[in-house]
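First up is the structure itself, then whatever we jot down about it.
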Amino acid sequence: MADPIRWARYRWQRLISTEGRECSSNNSSSKCYQSPKTTGKHRIVIPCLGHFKEEYEKVSKLYMNNKIRTTRYTLLNFLPRNLYEQFHRVANLYFLFLVVLNWVPVVEAFQKEITMLPLIGVLTIIAVKDGLEDYSRYKMDKQINNLVTKVYSRKEKKYIDECWKNVSVGDFVRLSRNEIIPADMVLLYSSDPDGICYIETAGLDGETNLKQRQVVRGYSEQVSEIDPEEFSSRIECESPSNDLSRFRGFVEHSNMDRVGLSKENLLLRGCTVRNTEAVVGIVVYAGHETKAMLNNSGPHYKRSKLERKVNTDILWCVLLLLLMCLTGAIGHGIWLSRYSETPFFNIPGPDGKLSPPALAGFYMFWTMIILLQVLIPVSLYVSIEIVKLGQIYLIQNDIDFYHEKTDSTIQCRALNIAEDLGQIQYIFSDKTGTLTENKMVFRRCTIAGQEYCHEENAKRLEAYQEMDSEDEDPADCQCGSSTPTSKCQGHNNRAVCEPLNRKPLNQLSGSYSAFKRQDEAGDIPHSGHMAFSSPIETDVVPDKQLLEKFSQISYQQSEETSSKLSLETMYITDFFLALAICNTVVVSGPNQPRQKMRLSSLSRMPIKSLEEIRQMFQRFSVRRLSSSPLPSVKESSSVSPNSFVRKLSIFRMKLASSNLDGAAQRVSEPQNTDSPEDSQVPGELHLVNVAAGGEPSHAVSSVELSPIPKPCYEAESPDEAALVHAARAYKCVLQSRTPDRVTVDFAGLGSLTFQLLHILPFDSLRKRMSVVVRHPVSNKVIVYTKGADSVMMDLLRTASEVHTNNSEIEEKIKERTQQHLDDYARRGLRTLCIAKKVMSDAEYAEWLNHRFVAETSIDNREDLLLESAMRLETKLTLLGATGIEDRLQEGVPDTIQALRKAGIKIWMLTGDKRETAVNIAYACKLLEPEDRIFTLKSQSRDACALVMSKILEGIQKNASIKEKNSEKLGNVSASPSAQARGFNAGLVIDGRTLEHVLHDSLQNIFLELTEECRAVVCCQATPLQKSVLVKLVRSKLKAMTLAVGDGANDVSMIQVADTGVGISGQEGMQAVMASDFAISQFRHLRKLLLVHGHWCYTRLTNMVLYFFYKNVTYVNLLFWYQFFCGFSGTSMTDYWILILFNLLFTSVPPIIYGVLDKDVSAEILMELPQLYTTSQKSVAYLPSAFWITLLDAFYQSLVCFFVPYFTYCGSDIDIFSFGNPINTSALFIMLFHLLIECKSVTWIHAVVIVGSILFYFVFSLAVGATCKTHNPRSDFYWIMEQHMTDPVFYLVCLLTTCIALLPRYLIRVLQGTLFPSPVLRAKYLVRLSPEEQRKAIKRWKDECNVNDRVELQPTSVPSSSAAGAVLEEETTDSALPASKTPFHSSSCCIAPF
């Protein structure tokens, strides 16, 4: 038998040599080695060795070295660059303009140094923060650049230690186990005999499972390590890109032979070498050109909605400032023009001339801008940053976000959008891993049209759930559905009521599960370190009926007995071979899970001889059994064992564990339950071969046969792991995998080694994966394919392509399998179709030629590879299908219900088929049983528009009827059922229809339709469609969106949404790294939004309004004084106190207020989600609230100025003695105003407020005592000291504070007693006793349920007159539960459930 790998390589060499001769005939050898002109598009990589030295010097200048720098600044450019970046803020530019303006003598208002203080203070704080952050990055860069690796030196002719920063493109690098890869390099040598290097990519994508990388084809057969001096090839590859899943190029040898390169040959920077003693590669990308660095874009910046609104209000403040300055300028001009003679204070200029009143008014305009600059809150931006940091600290230290199983808590990756969590209107959620656990459990399968329910496996899951502390619905564990399955109970009706570890030994499920659990605990102590390896995923109890049929393959059959076997046996064989082979699972040793499982030469020997296996498969051949009918269920499987099995039986009494022996016997002989001694010999066969979970060892001379531990599986997805574990449960054990072979221990047939020719990985376009192998027995090329039924059913061969005797059988199998798939989907199971194809050598050779051209191409390589894959995956034979359960996470239904009560619309975007998505939507209460569901499924754009119009028309028609009924009955007296009908519409749409819906002409009607629906489920959606949907809702509806997901396919929508949330699940960390917030469970979203989102938004908005209030109040004090000083631009207080009043004296209390204030407790916010609508609708920061705040500031400033004015009117006090009580009263008014607005005053608030008052008095006393030494122009000397002894000063401050704050205090009192808002009502609940509080909350909820609406109706929820109506003709099956709800399709593609 010819080696298929050598045969394939021979075909490639023939093709390469032909191309090479064509190249040599047209060009000389030297021309062929010249660098191509398309240097910008492709990259030439050559070593700096041998005859490449001259060319290397030219090419190497084009590429970067391996030194990285992630810092933004250097010592030389830090100051100019940081200032340049800070002056991108408009507020900083504004204050810089004021500083420069104050240096103009004619408009000078303050001392030049004093005017610079606010700006210098803000710039210094930001610069120090940026400098510290950049210094930490510098230290990290230095540490990474100085890491040491082995690089080949052309001078010393050996590998030497070299720093990472000195590695260059074209260098040969040698790495050992557990070393980090310093640059992107092509793998040329591996100490692994199979040419494999295992890497861990946790540094890139967070995935801890091992990935295989292969030595470039042609170098894997090396016996010794590659010698760089003998390397005479060149590498041509694509230019650097950030796509981690793609690498295109080829190696061109000196004889013009080309070998294609792919991502399987590339070792990426940042990954870690595992399970390999030594590897050698040549660097192709270094430094900032590596894929890891190109993906390191740094922290992403998003502007919150509140920040945008603050910028708008600051523009209003600027307009107000200009108006006040214009008033001052006009007033100053009018005041000067009233003097008939030149006043004594009007000093002439240097030329002796006086400025006319108009010009003096113009100068005064700029002086007033300097004087009233405090109106623009320069400290607001710094305060907002500090408050956000405090809020993030509180969120990250919330113990409720800690998940003990994963030992993880919340991560706040975006520090500037915490307040957006309180304004979310739409949530777009992935399904798998987000709403579900992403723990795939094998539940059912169908083979050759026969379904196998695996009821014992379902009972095992029930036992797991009973032992689990999580509060799950036990009905979900019964055969994949909450509905009894009558058709599967006929042959499997044995009850299992006791826990697994206490079940009778004569029960199959109990003994097998107990054995598996014991084996799991004893042999794999480190399995917890691997993904998808929990017992609930790995332990699978076989179905009795299928196991009975499967056991027929284990016995040596006579000619008479084998003729009775049916075509179904062949289907079963291929089905489980496909489960075990069609994947990329890495097989590791049990005692060392990170070590690859290897087979000794002895263990590779099959139990039966290869000739016996060949004869058996020949009896199973389709030609012999093409006319055999499908078998009956009760077909007997008892046969006589062969001679080899008889020899093997002598080891039975010498096994170490009798319990293990009995368990294995019961697995192989489910009907024999009398005693272990009565077991038949084939039981021993199963024990050695499968029950022990590993390769059989056949040392006949051995005294004792130790059980061989089962291997550990590391899969890239939980689906693959579930299928491999299911195959292992039926003794089809994947034992080892290398780049060119896969070894499977198949039941009693022994180890079968398949030559692995190709792996066509899964992609979102094809929605399937395939492996091409050469069968060790038939020597035929076989393609095993698994994928979604939506695409697989179209790839099956038609009746005309099938043998006449088998066409009816295959059509019947296809029909039955489709029925089973629909049933699985309705039960919420994830479905996969399994198929195969047998190719002749001629067909394979023809396809191989096309594949080689695709693999050696750089341009359009993906398209060519896709075309070759689709060319191969045709005319398939359907083997069966699988149903895998993905359980809901804990608390998902309660979380979704709470979020919906909070006025948030939730869309579920998933790639699963419609039935599965809808069933999960029912299970998580996204859809209710009484909802009316509309399925939008159209083949054309016009039909889609017509269907949406009809649905919308029906909803609006029903809404008008409901409105009339409400008018007759009254909103209060209307029954809940009558009112609920208007809110029960749900929409289901598939991926193909989404292509039409997302067209510009249909977007508006689609959004109008979705607004009328309470929930939207988009199934079979691609990652691109998910992101487009989020962007559509965000841009068209101007709504605040949140996207949550856990996998790489959710990254695009997470980045597009206003707020992106990643779930750190089992699919790596791609979603987490792209998100703004990372959580470990979907249920944590409830507290994150309803509690912290509400708090962050209300705190920050109240603080922002307070900043506007105190700045406007203080500026108005200066403005009112201008009416009494001729609008001269002078101040009645000291300049130091004037500048520092907002910067120091009143800045800390609002920061504490913004971090710690709580309007409602967390417990009440969780119990009453309706309170979230206050922040969602921006009740605290409406435009009216902004203008009312400014009016209040004007009033308080009038009181603060004129009460002291009328008190001291007619007295002989000086200006600063008049201004000091005004300044002091303003301080008291602002601080006590903050106390009135505080919802929860703590000792921290009291300390800060008292500290601010004391600091003000201490500073004023110090300035008054020392002002003569540093400010000779000021007359503030001893002013505060004199007032401290004057009772009038205290009386003025007290009277001014009371009069100023009385209106606001009275309004708050009346609002809290006569017109309480929902937030105030909720706040009062805290004062009640626990029992009274519980009753009050219950009454609140009952009131909301009876009225079928919240008191604060969110903008995202449709009104009662236009929401969620139902077409009249669709009245059936509306109240059925999910598992019972039939899926009907009407002629107009509107499908009620």
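If you go along the chain as it appears here, the first residue is 1 and each next one adds 1.
Heads up, the Cβ atoms here are built off N, Cα and C, so glycines get one too.
For 54-115, the entry in TrEMBL reads domain 'P-type ATPase N-terminal'. For the domain 'P-type ATPase N-terminal' (54-115), the DSSP counts in helix, strand and coil order read 38 helix, 0 strand, 24 coil.
Annotation source TrEMBL lists transmembrane segment at 91-110 (among others).
If you look up TrEMBL, you'll see 116-132 (among others) marked as transmembrane segment.
Annotation comment: TrEMBL describes 314-335 (among others) as transmembrane segment. Listed by sequence, the residues of this chain that lie at least six past the ends of the transmembrane segment (314-335) yet keep a Cβ under 8 A from its Cβ atoms are 91, 94, 357-358, 360-362, 364-366, 368-369, 372, 375-377, 1108, 1111-1112, 1115, 1119, 1122-1123, 1126-1129, 1186, 1190.
As annotated by TrEMBL, transmembrane segment applies to 363-384 (among others).
On its own chain, Asp1050 (Mg(2+) binding site) has Asp430, Thr434, Pro1023, Lys1026, Ala1043, Val1044, Gly1062, Ala1071 as residues at least 6 apart in sequence with a Cβ closer than 8 Å to its own Cβ. The Mg(2+) binding site annotation in TrEMBL covers Asp430, Thr432, Asp1046, Asp1050.
The ATP binding site annotation in TrEMBL covers Asp430, Lys431, Thr432, Glu720, Phe762, Lys786, Arg830, Thr910, Gly911, Asp912, Lys1026, Asn1049, Asp1050.
Feature annotation from TrEMBL assigns active site, 4-aspartylphosphate intermediate to Asp430.
Residues or ranges marked as region 'Disordered' by TrEMBL: 662-681.
The domain 'P-type ATPase C-terminal' annotation in TrEMBL covers 1072-1317. Along the domain 'P-type ATPase C-terminal' (1072-1317), the predicted structure has mean pLDDT 88.
Feature annotation from TrEMBL assigns transmembrane segment to 1103-1123 (among others). Below 8 angstroms of C-beta separation, residues 306, 310, 313, 317, 320-321, 324, 328, 331, 368, 371-372, 374-377, 379-380, 383-384, 387, 1129-1132, 1138, 1141-1142, 1146, 1150-1151, 1153-1154, 1180-1181, 1185-1186, 1189-1190, 1192-1194, 1196-1198, 1200-1202, 1219, 1222-1223, 1226, 1229-1230, 1233-1234, 1237 of the same chain, each at least six residues beyond the ends of the transmembrane segment (1103-1123), sit close to that stretch.
Under the heading transmembrane segment, TrEMBL lists 1135-1156 (among others). Long-range contacts of the transmembrane segment (1135-1156) within the same chain, counting only residues at least 6 positions beyond its ends with a Cβ under 8 Å from a Cβ of the stretch, are 110-111, 114-115, 117-118, 121, 374, 377-379, 383, 386-387, 390-391, 394, 1099-1100, 1102-1103, 1106-1107, 1110-1111, 1114, 1118, 1223, 1226-1227, 1230-1231, 1234, 1237-1238, 1240, 1242, 1244-1245, 1248-1249, 1251-1252, 1255-1256, 1259-1260, 1263, 1271, 1274.
If you look up TrEMBL, you'll see 1185-1208 (among others) marked as transmembrane segment.
Positions annotated as transmembrane segment by TrEMBL: 1215-1236 (among others). For the transmembrane segment (1215-1236), the list of distant contacts is 1106, 1109-1110, 1113-1114, 1117, 1121, 1130-1134, 1137, 1141, 1145-1146, 1149-1150, 1153, 1196, 1200-1201, 1203-1205, 1207-1208, 1245, 1249, 1252-1253, 1256, 1260, 1274-1276, 1279-1280, 1282-1283, 1289, 1292-1293, 1296-1297, 1300-1301, 1304-1305, 1308: same-chain residues at least six beyond its ends, Cβ to Cβ under 8 Å.
The transmembrane segment feature in TrEMBL is assigned to 1242-1267 (among others).
The annotation transmembrane segment is assigned in TrEMBL to 1288-1307 (among others). Sequence-distant contacts of the transmembrane segment (1288-1307) (same chain, at least 6 residues past either end, Cβ-Cβ under 8 Å): 1192, 1195-1196, 1199-1200, 1203-1204, 1207, 1220-1221, 1224-1225, 1228-1229, 1232-1233, 1236.
The 10 Å shell around the Cβ of Thr432 (Mg(2+) binding site) contains 26 further Cβ atoms across the protein chains shown.
Shown are the binding-site residues Asp430, Asp1046; of these, the residue with the fewest other Cβ atoms within 10 Å is Asp430. The ATP-binding residues named in the record, Asp430, Lys431, Thr432, Glu720, Phe762, Lys786, Arg830, Thr910, Gly911, Asp912, Lys1026, Asn1049, Asp1050, extend over a maximum Cα to Cα distance of 24 Å. A simple way to gauge crowding: the CB of Arg830 (ATP binding site) has 24 other CB atoms within 10 angstroms, across all the protein chains here.
Using a Cβ-Cβ cut-off under 8 Å and counting only residues 6 or more beyond its ends in the same chain, the transmembrane segment (363-384) has close neighbours at 89, 91-92, 94-95, 98, 101-102, 104, 106-110, 115, 118-119, 122, 125-126, 307, 310, 314, 317-318, 320-321, 324-326, 328-329, 332-333, 355, 1100, 1103-1104, 1107-1108, 1111-1112, 1114-1115, 1118-1119, 1122, 1127-1129, 1131, 1138, 1141-1143, 1147, 1150-1151, 1154. Remote same-chain partners of the transmembrane segment (91-110), defined as residues 6 or more beyond its termini with a Cβ less than 8 Å from a stretch Cβ, comprise 116, 118-119, 122-123, 314, 318, 363-364, 366-371, 373, 376, 378, 380-381, 1129, 1135, 1138-1139. Long-range neighbours of the transmembrane segment (1185-1208) within the same chain, counting only residues 6 or more positions beyond its ends whose Cβ lies under 8 Å from a Cβ of the stretch, are 313, 316, 320, 1105, 1108-1110, 1112-1114, 1116-1117, 1120-1121, 1124, 1217-1218, 1221-1222, 1225-1226, 1229, 1233, 1288, 1292, 1295-1296, 1299-1301, 1303-1304.
When the neighbouring Cβ atoms lying within 10 Å are counted for each of the binding-site residues (Phe762, Gly911, Lys1026), the highest count belongs to Lys1026. Straight-line distance linking the Cα atoms of Arg830 (ATP binding site) and Thr432 (Mg(2+) binding site), rounded to a whole number, equals 10 Å.
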